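Undergrad: Quick paste of what Swiss-Prot says about this protein:
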DOMAIN    2-223  domain 'Glutamine amidotransferase type-1'
ACT_SITE  CYS86  active site, nucleophile
ACT_SITE  HIS195  active site
ACT_SITE  GLU197  active site
Amino acid sequence: MKIAVVVFPGSNCDIDMYEAFHTVCKDDVEYVSYKEKSLDGFDVVVLPGGFSYGDYLRTGAIARFSNIIPAVENMAKEGKLVLGVCNGFQILTEMGLLPGALKKNDSLQFVCKTVTLEVENMHTPFTNEYADKEFIQIPIAHGDGSYYADENVLEELEDNHQVVFRYHGENPNGSLHDIAGICNKEGNVLGMMPHPERAVEEILGGIDGLPLFKSLLKAGVQA
């Protein structure tokens, strides 16, 4: 399995993501510049967190027009795995690969803390190593993480079991339906605001993010 971690101007979680795959999971992972136009040979592409292009206009709005984006879209269409974390989730919504949008937190403040998530759908390539309805502790760090979508879109997400992660107990940003992460209908594109790559070693405070990476590895072996 070969993984691409896309680096945009302003990305700051690309190293964390690389280390989670390379050091912890021993996967074959490479950094890929936003300037590239091909992702040939890769099985998974990751859009990491950060502040691509300084979050000007809207979060992810400029990154969405980078050279690499058509290749990401092609991977999604081919059924390959696409993961967007934090700013990566915002980019996926700007691309239209995932419905809805991420707006400013209800508090209008940047929130950096560990939150409790409930695994709503463990039947995806990203979550098959979690238990159904499992509660996990994952860090968040964002100012624009409040998930919004029209009621008909929210209803469709719920009916299709596309809500993958949901905030439990405290909703830190005002996301509708307490949504922390969603996938597309096909299940091969996941966007989430929390940072699983920051929860893969005990020395960092916990390993509740590790099953996500193990799930991806398992999906790659079975493909």
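Placed from the backbone N, Cα and C atoms, the Cβ positions cover glycine too.
Here the structure is a predicted model, which means the values were calculated and not measured.
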Undergrad: Restricting to the chain of GLU197 (active site) and a gap of 6 or more, list residues whose Cβ falls under 8 Å of its Cβ, or answer none.
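TA: Spatial neighbours, sequence-distant, of GLU197 (active site): CYS13, ASP16, MET17, GLU19, ALA20, PRO48, VAL85, GLY209, PHE213.
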Undergrad: What is the total of other Cβ atoms whose distance to the Cβ of HIS195 (active site) is within 10 Å?
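TA: Other Cβ atoms found within 10 Å: 22.
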Undergrad: Provide, as an integer number of angstrom, the distance between the C-alpha atoms of CYS86 (active site, nucleophile) and HIS195 (active site).
TA: 7
Undergrad: Can you tell me whether DSSP puts GLU197 (active site) in helix, strand or coil?
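TA: In the DSSP reduction, GLU197 (active site) maps to helix.
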Undergrad: In terms of DSSP three-state secondary structure, what is the assignment for CYS86 (active site, nucleophile)?
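TA: In three-state terms, CYS86 (active site, nucleophile) counts as coil.
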